[in-house]
């Protein structure tokens with residue numbers, strides 16, 4: 001059964017706040033009783049909710065987990081919000097003999113409790129007192145609407161009670177049904193509170209919207225006006241969001257938008273990017289689960305572009321190496337169309353590389369090039385062991401280390417030419433012939 005209720009809310013002004021409380025005419029509520037919601041009630045969660053009821057503190061599911069449940073998806077991570085302060089939560093958990101972990105979140109109002117081998121992250125309701133585009137000074141509150149106001153998008157501003165009651169202050173449920181991504185209140189204001197919200201908008205657009213192209217003009221204008229604010233955001237935070245954009249839906253549309261709105265230079269992307277190459281590669285990799293750097297490499301013309309990206313975003317070493325590899329080899333290491341075995345150049349590269357991630361890199365390159373048949377073959381291919389060692393060569397009477405090294409290299413080339421078929425005896429007999 002679905003029940004909807006509406007409640008009148010009056011706008012509130014507090015001079016200490018950095019912004020005006022957003023006026024919201026109605027609070028929309030409904031009952032959710034889906035299998036995904038019911039599956040959340042583990043022994044740990046039951047114990048947690050019982051404790052909060054006993055201590056007269058409100059506790060609700062918050063943010064992304066609510067969005068997922070409304071979409072019929074069981075959330076992987078659940079954030080909880082409460083009217084209890086961190087001090088009250090600590091006293092409550094200590095009295096109940098419940099262990100608390102990860103105390104680093106306490107200064108932000110988050111306490112992590114461990115019940116029945118599960119961790120529960122619970123954050124006190126907050127209002128932003130001041131913001132600087134990166135961080136916020138917060139004050140605790142017991143007002144659920146005020147906490148909802150400080151969140152980025154309407155679809156992330158909802159709460160869910162444990163009786164299944166949805167609390168929606170800013171039409172998040174309606175936006176979710178209509179596949180609409182909107183900021184809570186004014187886009188410009190939300191963005192200026194934390195400029196990373198520009199990338200979060202793009203990320204959730206790729207996640208929520210069915211067909212690309214429908215954006216509020218006010219939102220795009222606010223992004224373009226405030227894109228330079230991303231220059232002050234740490235590279236690590238930007239990379240987390242950008243990676244999710246690259247592996248999400250509508251990536252072609254979103255990357256073009258990032259360039260059209262002049263966001264690119266502030267997040268480490270090259271000004272002279274090859275968007276035509278990006279368009280081609282985005283089609284090549286569609287449906288083949290590329291790594292984020294694989295698609296991103298199509299924007300880079302030279303390896304130095306990868307190095308500059310790393311300086312800005314502090315990407316992982318293996319990600320940087322993959323980007324350098326693709327930019328270097330996307331044209332040089334290509335299938336030999338006149339060869340009876342077009343996979344051979346790629347296999348030879350892996351054999352010569354002797355690096356543990358060489359096969360992964362080559363598979364990503366094949367995705368980039370759109371060589372889907374070769375990719376399937378490569379994924380089924382196992383690297384054959386080279387059958388000759390330095391010890392084998394010593395047995396035939398050669399003791400010089402330098403000579404042994406040179407012979408091993410010659411034998412490896414012969415073995416490669418044979419399609420990795422020559423066996424030890426054949427290779428050792430080759431030494432005697434030479």
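Cβ coordinates are placed from backbone N, Cα and C, and glycine is handled just like the others.
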Checking Swiss-Prot, the member of 99, 104, 151 that binds CTP with 64, 67, 194, 197, 200, 203 is 151
Swiss-Prot lists as phosphoserine, out of 39, 339, 400, residue 400
Per Swiss-Prot, the N6-acetyllysine among 54, 328, 402 is 402
Reading the DSSP string in three states, the entry for residue 79 (Mg(2+) binding site) is strand
The number of other Cβ atoms within 10 Å of the Cβ of residue 400 (phosphoserine), counted over all protein chains shown, is 11
Rounded Cα distance in angstrom between residue 79 (Mg(2+) binding site) and residue 193 (site 'Involved in nucleotide selection') is 21
Within 10 Å, the Cβ with the most other Cβ atoms among the recorded positions 77, 193 is that of 193
